[in-house]
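Structure first, then comments.
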Amino acid sequence: MEKLVSRWCKNKPLPESYIFPPETRPGNLVVPTCNTIPVIDLNKAEGQNRTHIVQQILKAGQEYGFFQVVNHGVPESLMNESMDVFKEFFEMPWEDKAMLYSEDPKNSCRLSTSSVNYAREKIHHWRDNLRHPCHPLQDCIKHWPQKPIRYREVVATYTIEAKKLGLRILELVSEGLGLESRYFGDKLSESEMLSINHYPPCPDPSLTLGIAKHCDPNLLTLLHQGDVSGLQVFNNGEWIGVEPLHNAFVVNIGNQLQIISNNKLKSVEHRVVTNSRVARTSAAFFIVPSEDSIIEPEKSLVDDAPFYRAFEFKDFLLHY
């Protein structure tokens, strides 16, 4: 519990264990906020513009691995209330959060800091993290935080709406790839994980990272990044910032979707930078295959030889 960044970081210099090597730290380079990552109006997918929206999603998945969606059907009031609850959780007294703190990645609902490899990593990430599964909801919810009092009720509703949105986007992706609309239903999108990141103000953002560069190992990610910037995507040899848009979700392609599409879509590296002024809280919903799912390139998308061999998803996670 004492290791949580938010517990000890106020008015202290950046510890050496949080300083990244020169080649991976963000430095003082000004990263432009990107206006080219597509913003897609999902409301138009229900009318005569559906084909155009499908093509937009596929192109974004090919060129960036990222896009933002607006008019997506998740109520703005629910998004705002959920973000308020997440912030309220991290602002609670330490004793109210202590029972959730764990460094054991096998704990299904746990509050931790940096990454799952905290004990073994040489450099730590400037973040605290609350993470828990959301499926099956009736089993998972019993292990969620009991405080704030409204956490379970609000977040349960939010996870249901986020999963519906994720499946809707996957249906559009299926159409774009020429597959059956329910191709990614059932086991390929069975599970859902919620990861809430809290990045306190940092004394020197040029030397550290909230999350180091990585690709997501799941199928699809939906991110509610609030109103504070920090997410950066690697594109054409440079880092570009993803602008926080009001009431939008950032969507990115996971490794499993790249594999199934046989590289028609790409899972790209991204990272999170810190700032010295305000805390940033974000919530990522991971749409995840069941562990016994067989992942392989869809045969109809293979021209010559597939880029990947078949494997069980749980084996991928072991290596990841």
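Keep in mind that glycine also has a Cβ here, set from the backbone N, Cα and C atoms.
Features of the protein shown, as given by TrEMBL:
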DOMAIN    190-289  domain 'Fe2OG dioxygenase'
* Asked: How does the model score the domain 'Fe2OG dioxygenase' (190-289) in terms of mean pLDDT?
  -> 96
* **Per-state residue totals over the domain 'Fe2OG dioxygenase' (190-289) - DSSP helix, strand, coil** => 6 helix, 45 strand, 49 coil
